[in-house]
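**Q** Shown below is the structure under consideration.
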Amino acid sequence: FPILPGVWVDSTQGNFTKPKALPPAIFLICGDRAWQGIPSRPVGGPCYLGKLTMLAPNHTDIHKILANSSQTGVRHFRSVSHLDDTCSDEVQLWGPTARIFASILAPGVAAAQALREIERLACWSVKQANLTTSLLGDLLDDVTSIRHAVLQNRAAIDFLLLAHGHGCKDIAGMCCFNLSDHSEAIQKKFQLMKEHVNKIGVDSDPIGSWLRGLFGGIGEWAIHLLKGLLLGLVVILLLVVCLPCLLQFVSSSTRKM
């Protein structure tokens, strides 16, 4: 009988032929059952022809899958962008003499210099944290591969001992074997480091962030409307403040003429 992809098979109906063999590594999969050939009375569905493999993820892979699944559907209300690799991390601090003269003669320049150096320090911290996390991740991968190789070697040694009729008691120290696994704790610390790095960001829209925090979960169209109203209000206030001075200046100029 023909096996169509995705069909359900009912062995209580129809005529069935003899079991058929499938090529190596090919299985008939019907629901939660799998056969290395086509049986005379398969049950279940949907049925497919495919290959089977063993899934044995470690703690690192499981945490990556959970992290990717938890990030879906997350809404960001604040317009805070994270620092990228293109930011400048060249920190050049002023000496005491330059700070004193700048504070006395040009306070605005001193404040701008301080803000710029703070931004560069934040960029330097983010890059260092990213490098540290990447380095520790590579070391964890190496340790995981070494652990896997050690377990394979131990299994081969046990097999050879049993094949020659010996046990672990014949060789000192072979009966006790403890290989600790701290990958789960290390992965948690990696996640904490990434969370701390993500706390450093640049607020590209402070007015919008302030309005979102003031009015709660309002829509973006309302944010743009409120920003337009605030801009119009600021322009009106500037006109109210500056227009009398401008009119007075024009009138005094005309009188002198």
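Cβ coordinates come from backbone N, Cα and C, glycine included.
Summarising the annotation, Swiss-Prot assigns topological domain 'Extracellular' to 1-229 and lists sequence analysis as the type of evidence. Taken from Swiss-Prot, the feature N-linked glycosylation site covers Asn15, Asn58, Asn68, Asn130, Asn178. Marked as region 'Fusion peptide' by Swiss-Prot: 95-115. Residues annotated as region 'Immunosuppression' in Swiss-Prot, with similarity to another entry given as evidence: 151-167. The S-palmitoyl cysteine feature in Swiss-Prot is assigned to Cys245; the stated evidence is similarity to another entry.
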**Q** Should Asn178 (N-linked glycosylation site) be counted as helix, strand, or coil on the basis of DSSP?
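**A** In three-state terms, Asn178 (N-linked glycosylation site) counts as coil.
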**Q** I'd like to know which of these glycosylation sites, Asn130, Asn178, is least surrounded, judged by other CB atoms within 10 A.
**A** Asn178
**Q** Cα-Cα, whole number of Å: Asn178 (N-linked glycosylation site) versus Asn130 (N-linked glycosylation site)?
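**A** Between the alpha carbons of Asn178 (N-linked glycosylation site) and Asn130 (N-linked glycosylation site) there are 33 Å.
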**Q** For the topological domain 'Extracellular' (1-229), would you mind checking the mean pLDDT of the predicted model?
**A** 73
**Q** Using Cα coordinates, what distance in whole Å links the residue listed as 'S-palmitoyl cysteine' and Asn130 (N-linked glycosylation site)?
**A** 55
